[in-house]
Amino acid sequence: METDPVPFSARPHLCSFLVLGLLYAVAVAVASPASASLFFNFYGASCPTAELIVSNTVRSASSSDPTIPGKLLRLVFHDCFVEGCDASVLLQGNGTERSDPGNRSLGGFQVIDSAKRMLEIFCPGTVSCADVVALAARDAVAITGGPQLQIPTGRRDGRVSAAANVRPNIIDTTFTINEMINIFTAKGLSLEDLVVLSGAHTIGSAHCSAFSDRFQEDSKGKLTLIDTSLDRNYANELMQRCPVDASASLTVVNDPETSSSFDNQYYRNLVAHKGLFQSDSVLLDDRRTRNLVEDFANDQEKFFQSWSQSFLKLTSIGVKTASDNLLFRLPLTKTLGHSIYVKQQQRSIKCRAVTDLSSSTLPSSVDDQSKEEDNKDHLMLVVRRKGDEKERWQTMIGLKSGMDKHFARQWLTDPLNLLSQYQYQYPPLLHWLRSWIFLQASLSLLLLSPFSSMALSLHLSLSHKNFSNPFASFSPATKLPTTIHINSHLLKSIHSKPYYIKKCHAVADAPTAIPPSLDAEDDAHGVLIGPSSEEERRGDGVVVDYNWTEEWYPLYLTKDVPDDAPLGLNVFDKQLVLYKDGQGELRCHEDRCPHRLAKLSEGQLIDGRLECLYHGWQFEGEGKCVKIPQLPANAKIPQSACVKTYEVKESQGVVWVWMSLKTPPNFEKVPWFENFARPGFQDTSTIHELPYDHSILLENLMDPAHIPISHDRTDWTAKREDAQALRFEVTERTHRGFAGRWGKEKDKKLLSFLRFQAPCVLSNDIEFADEKGVTQYFTGLFLCRPTGQGKSMIIVRFGATKRPQMAKVIPKWYFHQNACKIFEQDMGFLSSQNEVLMKEKVPTKELYINLKSSDTWVAEYRKWMDKVGHGMPYYFGHNTISLPEVPAVVEHAPAGLVAGVSASSPAKGGIGTMHAPNVNNRYFRHVIHCRGCTSVVKNFQAWKNALSAISVALTALAILASGRQWKTFLLVSASLCLAGVYACSTAIAMNTTNFIRTHRRLSGRYKKVSLYQFSIHDLKAPIKLSQLMGKDAFL
C-alpha cells in the first residue's frame, strides 16, 4: 500500500493554491459574457478592474476637457433610445445611427474608444462597448458632483445601426410635453422618469440652432424673442451669444449658473423661466409635471435619489445579453443597409531568418533594411521562447521603420520599467497598470496552472515623426495616424529564457478575383451598364454629407397660390400649409394646429391671419397665436400656442421652401435657371399630383427612350417607328448631381443637355439656330417634390425664346390636359414599379437591366442616391437602400389637397355628393391645383347650364310658334345650343376624365371614365384601379 510521503495537511500552500484556482475557474464561468441577464459586478472575475479603467479614463478626459461629462451623458441617451443600450450609436458608416443629422453633434466617442482600448489590453474580448457607454455616463455624473451609483452590467453590443431609426426615437428640443411622453412611454419610462432624466441638462452645452425656434429674425436682421415664457434677461443674453450670423459650431451651456456641476440648478432655472430649450420649459407649464419640477428645485437629495432609479431604468432599455452573442472589437465596423459587416484586407506575414536574442542585444538586422522595405508601413519583430515544444510565436512587436533599438529592447526585456517611464502621460491608469502587471506576474509564478496563460494585447498609436512617447494615444484628445499592434505572452517567462526573433512585414494579399456578373454571358456585346469605377465594382460606394432638410423644395407655382384660402402640401410626409398674409407675402407653417392637431389648411384666412376652423384659433405670419376665443378675458395666450414656421422664397415664378427648422436657409442653394431669365423667353407651366415615389418620377423623366413607345402619337414628336438606340455622354458628376449630353446614336452632334440638381430638379436644354441664324433656347424643366411614400408632385415648365405659331393659337388649358394624358399613359407602369420596389426591398441593380443605349441617366441617378441617400428619410439606390421607418399613412379624405380651390368649386370644404378626392383622377391630380383649368371648368359648366336652359326655352317657343319660319329658326337655334352643350361637356370631360389605353379590355362605354359619370355599379366585371386611375386593386 503506497502512502503519501507528506500528509496533505502538511501542504497548506498547495491546498490554498488549488482552492484558489477552483474559485477562479468558478468566478470566470459565472462572470463570463455567457450570463443570460444583467447583474452587478458582472466582470468581477473576468475583468475585475473594468469599471476602474472606465472611471479613470472619464476622469482624465474630463480634467482636460470640461465638456466631456455632458457629451457622455448625451451619448447614452442617444444610444439607449434608438435600438436599446447596445452601442449601436458608435458604429460609423453609410446609413448608421451616427450618420444621421440628429446625431451629428454627438461627442465623447474618443473617450469611449480610449477606455475600450485599455480594456482590450487586459481583458481582450470581454467588456462590451455597450457597457463602456453606460459606465462612462454614470461616471460622468459622479465626477461632476452627482450621485455615485452602481449599475448592472453584461450588455452585449447590437447588430443593427440604422439612421432611419434615429428621428422617431430621439427627443427634439422643440417637442411638446405629449410628444415626449409618447416616446418615454414607448421605452417603458414613466412621466416622473421624463422629468428626472431631463435633469441631465444641468451639465453640457447645446448649439445655437437647438433653441433658435424661440427667437425670430426681424426685418432688420436682428433676433427678437417670440417665446414669452423665457426670462427676458436670459433671452437677451442668449441673443448676444448667438447672433443671426453665429457660426454653426457655436455652443451655449445648458445651465447658465452651475454649468460644470451635476445638481438641481436645472430645476431652479426652470422655475425662474431660464430653461434653454422649449422642451425644458413645457415641464413647468404642464400641470402634470410642474409639481415634480418644483419639488426637485427645492430638494436636491430627492432629485439625486430619483436620478439613481431613473438612470438604472434608462441604461436597461432594450439591452442585449449573451444570447445575442456579439461583442464589438476595435476598430468599429461600418454598416451596409441594416446589417453589420466587417471588411478587412487579407494580409500575409513575410519573414526573414531566425536570430538569437538576448536581454542585452538586439540584432542589427532591425536597422539593416532594404530600400524596398523602407517603403513599408510596418516592421514586426516576432519572438519565441527557446525550448517551446510547439513552433508557436508568442510575441509580436510592431515597429515603424527607423524606430530606435532602445525602445524595442526595453519592451522585450523590462516592460514594467518601460511603463513606469510613461506614467506622467496617464498617472492614475498607468499606476494601476503597473500594479496589475505585478499582481498577474506573481499569481502566474505561484499557480503554474492553466489559469496563468493570460495574454496582454496592447494597441499603441505611434506618431510617424516621434517614437519616444508610445503612450501618447492614451490621451483622449490625441489623434495619431499610425497604429501598431503589440502582443505579449505570459509575463512569468519574459525574463526566464532567451528568444528567437524574426523580422517580418505584413504584406497585403492579392485581392480575390471578383466573379463576373450574372449578365456577363448576356452582355457579350457590352450593351449593359456596368460599374463606373473600381470602387463601385468592389461595392465600396462613396458617401457624402447630406441632409434632406437643408435643401429648397418646389412647393407651388406662384400664380396658382390662392389669394383667399390656405393650401395644404407635403414634403417627405411633412405636412405644410401655404398661404398669403394680409400684405400678400407668402407664409408657410406646419399644417397642424397646436391645440388639437387639426389641419390648418382646412381653415380660412381672416384679415391676413390663418384661422383653424375647429376652435377658431388664429395665427399671424410669424406663427404666433394671436387669438383664442375660448380664453378668459385678459388671460395671456400661452407661448407654446404657436406653429412651426418654414422659410419660403419665390424665384422665377416658383415658391420654394427650406425644410430645416434648425439650420438657417442657404439662399445660394435656391435653383436659378438661366434660360428663364433670357429676354423674350415664354413658358407654359403645369402642376400635377402623382401616385408614385418622386425617385420613380425622376427616373421616368430621365428616360427619353420610352417616349416613342409609351407616348406614340400623343404629339407630333413621338412616333413608335422612331424608337432607336441613344447615345449619352456624362460630362459632370458631383455630390449635387450630374449632367451630360444625349441624342440619337446616329446624330453627329448631341443637341440636348440634361442636368439633374439636388434635391429634385431636372432640366433638359436645347440650343438651336432658327432660319435666320439666330440662336434660340428651349428648356423642359421638371421640379419633382417628394410629397411622401408612394406620392409626388411635379411642376412642369416648357419654355422657349421662340414659340411655335400653333402654341399661340391653342389655349393653354388644352396643353395642360395633354400633359395630363402623358402622365396617365405612364401611370400604370410607374405605380406597379413603385409597388415592386417596396416588395422586393433590394437595390435597383438587383432588379433593373440597364442598357447603355437607353438607361444611362437612370443608372446615374440611382448611383447618386447611393452617395446621399443616408441623409434622406428613405431611398432606393443602385447599390444600397434604406426603407421607410414607418408605413405610409393613408389619407382617405385628404381635404388639404383641395382647400385652395375657390368657394364655388364642388371640391371646396365638404365633399358633398362628389367622390372623395383621389390623386389618381385628373381633376384632383391637376385641375384643383391650376387656376386656369379651374376657371375653365367653371366657365364651361356655366356655359353648359346656360345653353341647356336656352335650348329648352327655344324648343318650347318652337312648339308654341305658329309660323313655319319661326319654328325652323327656333329649332335650329336650339340645335346649335345643344351642340354648344355637347362642346362644353366634352371640354369638361377633358378636365375630369382619365386616359385609358384602347387595348385595355373594357366595354366601349367605359373606355373613358368621367368623374361625374363613373359608378362602381356600372362595371361589368372587377378590374384593377391602375386601369382606371393608376394604382392598387379595385373591387
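Yeah, the Cβs are placed from backbone N, Cα and C, and that goes for glycine too.
Remember, TrEMBL labels are computer predictions, not curated facts.
Summarising the annotation, TrEMBL assigns active site, proton acceptor to His78. Under DSSP, His78 (active site, proton acceptor) is assigned to a helix (H, G or I) in the three-state scheme.
Of all Cβ atoms in the protein chains displayed, 28 besides its own lie within 10 Å of the Cβ of Val82 (Ca(2+) 1 binding site). Per TrEMBL, Ca(2+) 1 binding site is recorded for Asp79, Val82, Gly84, Asp86, Ser88, Glu97.
According to TrEMBL, the heme b binding site annotation covers His201. The Cβ of His201 (heme b binding site) has Asn254, Asp255, Tyr266, Leu276, Phe277, Asp280 as same-chain neighbours under 8 Å, each 6 or more residues away in sequence.
Residues near Asp263 (Ca(2+) 2 binding site) in space but far in sequence (CB under 8 A, at least 6 apart, same chain), listed by position: Gly145, Gly146, Thr202, Gln300. The Ca(2+) 2 binding site feature in TrEMBL is assigned to Thr202, Asp255, Thr258, Asp263.
Reduced to three states, the DSSP call for Cys123 (disulfide bond) is coil. Other Cβ atoms within 10 Å of the Cβ of Cys123 (disulfide bond) number 18 in total over all chains. For Cys47-Cys123 (among others), the entry in TrEMBL reads disulfide bond.
Look at TrEMBL and you will find Cys80-Cys85 (among others) tagged as disulfide bond.
Among the features that TrEMBL reports, disulfide bond is placed at Cys208-Cys242 (among others). For Cys208 (disulfide bond), the Cβ neighbour count at a 10 Å cut-off comes to 22, with all displayed protein chains included.
Per TrEMBL, the feature signal peptide maps to 1-31.
For Arg74, the entry in TrEMBL reads site 'Transition state stabilizer'. Cβ neighbours within 10 Å of Arg74 (site 'Transition state stabilizer'), excluding its own Cβ and spanning all shown chains: 24.
Look at TrEMBL and you will find 969-991 tagged as transmembrane segment. Within its own chain, the transmembrane segment (969-991) has Cβ neighbours under 8 Å at 813-814, 817, 922-923, 927, 933, 936-937, 940-941, 943-944, 947-948, 950-952, 954-955, 957-958, 961, 1008, 1010, 1012, counting only residues six or more beyond its boundaries.
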Beyond the site residues Thr202, Asp255, Thr258, Asp263: chain residues whose C-beta lies within 8 Å of the centroid, for Ca(2+) 2: Ile203, Glu257, Ser259, Ser261, Phe262, Asn264, Gln265, Tyr266, Asn269
Cα-Cα distance linking Asp86 (Ca(2+) 1 binding site) and Cys80 (disulfide bond), given in Å to the nearest integer: 7
Candidates Cys85, Cys123, Cys208 (disulfide-bonded residues) with Cα within 10 Å of Asp79 (Ca(2+) 1 binding site): Cys85
Cα-Cα distance linking Glu97 (Ca(2+) 1 binding site) and His78 (active site, proton acceptor), given in Å to the nearest integer: 9
Shell list (Ca(2+) 1; ref centroid = CB of Asp79, Val82, Gly84, Asp86, Ser88, Glu97; cutoff 8 A): His78, Cys80, Phe81, Glu83, Cys85, Ala87, Val89, Gly158, Ser161, Gly318
Under 8 Å by Cβ from Asp86 (Ca(2+) 1 binding site), counting only residues of that chain that are 6 or more apart: Asp79, Ala130, Arg155, Arg156, Asp157, Gly158, Gly318, Val319, Lys320
Cα proximity to Cys47 (disulfide bond), best match among binding-site residues Val82, Gly84, Thr258: Gly84
Chain-internal residues near Gly84 (Ca(2+) 1 binding site), provided their CB is under 8 angstroms and they sit 6+ positions away: Gly158, Ile317, Gly318, Val319, Lys320
Rounded distance in angstrom between the Cα atoms of Cys85 (disulfide bond) and Glu97 (Ca(2+) 1 binding site): 13
